[in-house]
Amino acid sequence: MKGLRLGVNIDHVATLRNARGVRYPDPVAAAAIAEQAGADGITIHLREDRRHITDRDVAMLKQTLNVPMNLEMAVTEEMLDIAIKTQPTYSCLVPEKRQELTTEGGLNVAGQLETITDATRRLSDAGIQVSLFIDADHEQIDAAKKAGAPIVELHTGQYAEAETEEQRTVELARLMEASEYAHSIGLQVNVGHGLHYHNTLEVAEIPQVCELNIGHSIIARAVLVGLDQAVRDMRNILDKAR
């Protein structure tokens, strides 16, 4: 069985920098450390309000990364233009509301199929591999397939936020079933959102999962143990799963 890919999201390095309006810590430096520690890719979310990652960060990372860039973005003309100009390896289309602290749910592909299909086609024509961040739901998985995206990233937030063991078991089973279904219709399965050092192993053990995108928990741990160690610790969890 292939090894799992770890995508390290460095958004919150930029959050820390922007909290004081200074130039440090530098997301570009953080990405280099994460690469050396075992990250298979670097994920960044260029939000419409630029609350953490900036256009300059995107441009600098494109020049310096030695691993694939996964650019998360809303489905807007501005973001499509930036992605096509930047040429990340992957572009993950996500829903976005300005008032939310973090992405709260999956993209409603079924409800805006024409728009998502058009965005997917434009990005694909530019040589960018498209993933759609969706809930673990058959309707959305089917819509992602119809839209022409080769990859889905299943939203693990409900699993991560489960307050009881029973609820967590139900959510894990839902992720397992959705992963199996998406894989069966020819989609690559990635997962992400809310994953940390105590809940990632079970998700990583789902056979169809290829990549986990994890950010906040790694950056939070980095404050205590350093970024290199924080990434290595998560890498070890993924390696244990396979």
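Each Cβ is built from the backbone N, Cα and C atoms, and glycine gets one as well.
Annotated features in Swiss-Prot:
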type: BINDING; residues: Asn9, Arg20, Gly194, Gly215, His216; note: 3-amino-2-oxopropyl phosphate binding site
type: BINDING; residues: Asp11, His12, Arg47, His52, Thr102; note: 1-deoxy-D-xylulose 5-phosphate binding site
type: ACT_SITE; residues: His45; note: active site, proton acceptor
type: ACT_SITE; residues: Glu72; note: active site, proton acceptor
type: SITE; residues: Glu153; note: site 'Transition state stabilizer'
type: ACT_SITE; residues: His193; note: active site, proton donor
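Of all the recorded positions in the list His12, Glu72, His193, the shortest Cα-Cα distance to His216 (3-amino-2-oxopropyl phosphate binding site) is found for His12. Among the recorded positions Asp11, His52, His193, the residue whose Cα lies closest in space to that of Arg20 (3-amino-2-oxopropyl phosphate binding site) is His52. In this structure the C-alpha atoms belonging to Glu153 (site 'Transition state stabilizer') and Asn9 (3-amino-2-oxopropyl phosphate binding site) are separated by 14 Å. Distance noted between the C-alpha atoms of Asn9 (3-amino-2-oxopropyl phosphate binding site) and His45 (active site, proton acceptor) is 8 Å. DSSP assigns His12 (1-deoxy-D-xylulose 5-phosphate binding site) to a helical segment in the three-state reduction.
Taking His45 (active site, proton acceptor) as the reference point, the recorded positions whose C-alpha atoms are within 10 Å of its C-alpha, out of Glu72, His193, Gly194, are Glu72. Shown are the recorded positions Arg20, His45, His52, His193, His216; of these, the residue with the fewest other Cβ atoms within 10 Å is Arg20. Taking Cα separation as the measure, Asp11 (1-deoxy-D-xylulose 5-phosphate binding site) is nearest to Gly215 of the recorded positions Glu72, His193, Gly194, Gly215. Listed in sequence order, the binding-site residues from His12, Arg47, His52, Gly194, Gly215 having a Cα within 10 Å of the Cα of Glu72 (active site, proton acceptor) are Arg47.
Our reading of the 3-amino-2-oxopropyl phosphate binding annotation (Asn9, Arg20, Gly194, Gly215, His216) yields a largest Cα to Cα distance of 25 angstrom. Cα proximity to Gly215 (3-amino-2-oxopropyl phosphate binding site) (within 10 Å) is found for the following recorded positions from His12, Arg47, His52, His193: His12, His193.
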